[in-house]
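The following features are taken from TrEMBL:
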TRANSMEM  19-37  transmembrane segment
DOMAIN    21-434  domain 'Major facilitator superfamily (MFS) profile'
TRANSMEM  57-75  transmembrane segment
TRANSMEM  87-110  transmembrane segment
TRANSMEM  176-196  transmembrane segment
TRANSMEM  250-269  transmembrane segment
TRANSMEM  275-294  transmembrane segment
TRANSMEM  306-325  transmembrane segment
TRANSMEM  331-353  transmembrane segment
TRANSMEM  365-387  transmembrane segment
TRANSMEM  407-430  transmembrane segment
Amino acid sequence: MTNPLLIPHPRTQVTRKALIVWVTAVLVYVVAITGRTSFGVASVDAIERFGVDASRIAVFTAVQIGVYAAAQIPVGMLIDRFGPRKLLFVGALIMAAGQVLLGFTTSYWVAIGARVLIGAGDATAFLSVMRILPYWFPLKKTPLFTQMTAALGQVGQFLSAVPFLALLHGPGWTTAFLSLGAVGVLIAIAAGVAVADSPESWAAAKDAKDPDHVPGQKAPAEKIPLGRLLLMVLREPLCWQGFFNHYSAMLLQIVFTLLWSAPLITLGMGLPASAIGMVLTINVLASIAAGPILGPVSARLGHNRVLASILFSGFIGLAWIIFFLPAEPRGITALIIVNIIMAFFTPSSNFGFDDIRESLDRRIVATATGMANMGGFLAGMFAAQAVGLLLDYSSDGRAYTWTDFRFAWWAVIVTWGIGMTGLITSRIIVSRRRAAGSRSGRGTVRVVDSSEE
């Protein structure tokens, strides 16, 4: 008998409870983005606080996103096994601990350890929201909610660029980072109270007699052993397509917003510090505007959505190449235009997640999404560090100039080109497999057994 709490069922119609769960989970993601991008606006202050050069300051971001990327598959496996609610709660607390530690320390290596904690906690947020969507929303609505999640998450970048930056340049470093830690604790509590892994688990917690409430639904499927789960994901071409989709579309946004925005604007272009907040705010607004547009695009294109992402990623790379062509520094208008293009098309990095969610067993969705979500961050870790090394090489100990940034940015462009090659190659492999599956009558993709559908 269907429990009254599940009428209408969230997987057939968007419900108020589903929206509460989603919004609360998104708040954790906003806090994660705030922590992730806060060092981008604080990087110049960090050079002075810790007494280091560009290559060593780049280690902060490289370590954080390296930990984030390395944690994606393990965290995805934990989410698939223990559920997103627990991971959101624990992850938010870990991030808060890292921010508090970073706020108090003046030691370079202790600060590196703090960024490790922030990266590890951050790794739980987006994957948990992606795991929540197919359980709490109709499948046809999930591409829109995926893009809305990514768009609303960029509010965190605004919080870094405006209120956090104001605290940093007002009360100071310690107050700014302690504030992030305090907010993280509050959001962790909210996630523990308001988030539920699935409608069934929520109804069961409300003393439902039978947690299996969906008419005609089979008993919950057995959990997949961890070793087999990992092999399934690593052998799945759709996961590699998602990996390179995320890599090529997200890379430049990561390198710019997470570390090199403030140095490029103030040192390379000679603009005032106030321009940092303005540029990053415009970046956020463009990202938010893209969500309601790119979500329906993904839903309408279906399996062809990655073709659009290839085009959009090309626009992003071309915009930055054109930006750095002149020998003299560009003005702020050119940087704003590049940021609008980049921020608007970067959410197409999530298109690969839609393919994974629609085509693979729910029991492996978080792990598969975790692998795909590694792409941009692994590439960003490498490129951000390479920019720092090339800046130091080009400047030879002098103050960084536009010429140095023009030279160093080639590390990002070359890394982006590798990602585009991987995306096109993996797309060809997936298309051939789908064509072979159609000819043999086995469908377009391999979908492992899922009794939870």
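Using N, Cα and C of the backbone, Cβ positions are placed for all residues, glycine too.
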Most Cβ pairs under 8 Å with the transmembrane segment (250-269), selected from 19-37, 57-75, 87-110, 275-294, 365-387: 365-387
Proximity of the transmembrane segment (176-196) to the transmembrane segment (407-430), 3+ C-beta pairs under 8 angstroms: no
Cβ-Cβ under 8 Å with the transmembrane segment (275-294): same-chain residues at least 6 beyond its ends: 37, 40-41, 144, 147-148, 150-152, 154-155, 157-158, 160-162, 165, 253, 257, 261-262, 265-266, 332, 335-336, 339-340, 342-348, 351
In contact by Cβ distance (the transmembrane segment (57-75), the transmembrane segment (365-387); 3 or more pairs under 8 Å): yes
Model confidence over the domain 'Major facilitator superfamily (MFS) profile' (21-434), averaged pLDDT: 88
